[in-house]
Amino acid sequence: GLIKVYLIFWPKSEQNLLRTDVVTVTPWLAPIVWESTFDPVLMDAIFKPQNLTIAATVFAVGKYVQFLKDFLKTSEQFFFIGFNVHIYVFTDRPNDVPKVQLVSVRVVQSSQRWQEISARRMEMVHTLLLELSDSTHFIFCLDVDSKFHGRWGSESLGELVAVVHPGYYGNPRSRFPFERRTKSRAYMAPSDGDFYYCGGAFGGSVDQVLALTQTCSKNYRDDEKEGVEAAWQEESHLNRYFWENKPSKVLSPEYLWQDFKPRNPEIRIIRFSGVIKNYAAIRPNV
Ligand SMILES: CC(=O)N[C@H]1[C@@H](OP(=O)(O)OP(=O)(O)OC[C@H]2O[C@@H](n3ccc(=O)[nH]c3=O)[C@H](O)[C@@H]2O)O[C@H](CO)[C@H](O)[C@@H]1O
Ligand SMILES: [Mn+2]
């Protein structure tokens, strides 16, 4: 009797599975994943027998192909080790894609504007997912200008998964860079919003990400027809989507840090991080 009650309150190692310095659950009871809130061995023991296939999409258009080598190399070290992983690389320079197993290359058009390259990812991911729905269980859509530095695994799986943007999580909600103009379909009122999520990493089940990419790409296109481009392109539409459709799991900024930022004390591990880059040298426009 007593010992079982004790175990319910203090599973396994009480020091390890407890974080009191950060918020670990949302007001709609979705977990927020931080180091030491989960047991990686236990998570893998639950998910590995399910024989899941995990897809990741990454766009490397124009000069961004230079980031592929490190992205792919580090994904082999840290991303869903021991799972069936398939990476889909979208590029206009297929000959520059490093030869790595389980990578598929899809040729896409470039654009004169980085904003369009970034924003059009949504509809291309949507098209891909229509083909993958039978063979793939979960998908993550990731920025290419980044490297893995630590485990990113089964603890991140969920129906609809958002990553808290590393740049704003200490700010009051009113300072989140949501789209504030009512003429955009990404509009968020001053009191709206839970977290500010990043466009550089999100995911979920194939069905959920199909719905997300359909809505976000349609809203981006419909805005475009009216001459409107949201403040942070698809990231703005993504944030509006997650406001209306709450993520079932939220990943902490451990899952997308930025190399130029000093590591805050609550960040005990950096799993994935954007590299420092010279925007003027690599983007088609500034
Ligand atoms: C940390 C984070 O969440 N970053 C977001 C932020 O970007 P960043 O400043 O990190 O944007 P970025 O330059 O990495 O562009 C986003 C992604 O688009 C692709 N790309 C872009 C330009 C190009 O010439 N070729 C190319 O392939 C590439 O996969 C890149 O990783 O703002 C962007 C604005 O829309 C996106 O929301 C990014 O996801
Ligand atoms: Mn990026």
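Glycine is no exception: its Cβ is also placed from the backbone N, Cα and C atoms.
Residues or ranges marked as active site, nucleophile by TrEMBL: GLU235. Reduced to three states, the DSSP call for GLU235 (active site, nucleophile) is helix.
TrEMBL lists PHE59, ALA60, VAL61, TYR64, ASP143, VAL144, ASP145 with the feature UDP-N-acetyl-alpha-D-galactosamine binding site. The C-beta environment of VAL61 (UDP-N-acetyl-alpha-D-galactosamine binding site), restricted to residues of the same chain at least 6 apart in sequence and closer than 8 Å, consists of PHE90, THR91, ASP92, ARG93, VAL108, SER110, SER111, ILE117.
The Mn(2+) binding site annotation in TrEMBL covers ASP143, ASP145. A C-beta separation below 8 Å, combined with a sequence spacing of at least six in one chain, links ASP145 (UDP-N-acetyl-alpha-D-galactosamine binding site) to TYR64, PHE67, GLY274, VAL275, LYS277.
Looking only at other Cβ atoms within 10 Å, the busiest spot among the recorded positions ASP143, GLU235 turns out to be GLU235.
PHE59 (UDP-N-acetyl-alpha-D-galactosamine binding site) sits 15 Å from GLU235 (active site, nucleophile), taking the CA atoms of both as reference points. In the shown protein chains, 25 other C-beta atoms lie within 10 A of the C-beta of ALA60 (UDP-N-acetyl-alpha-D-galactosamine binding site).
Filtering VAL61, TYR64, ASP143, VAL144 by Cβ distance to ligand 2 (under 6 A) retains the following binding-site residues: ASP143. Around VAL144 (UDP-N-acetyl-alpha-D-galactosamine binding site), the C-beta neighbours below 8 angstroms that are at least 6 residues distant in the chain are VAL58, PHE59, ALA60, TYR64, PHE67, LEU68, PHE71. Other Cβ atoms within 10 Å of the Cβ of PHE59 (UDP-N-acetyl-alpha-D-galactosamine binding site), summed over all protein chains shown, number 22.
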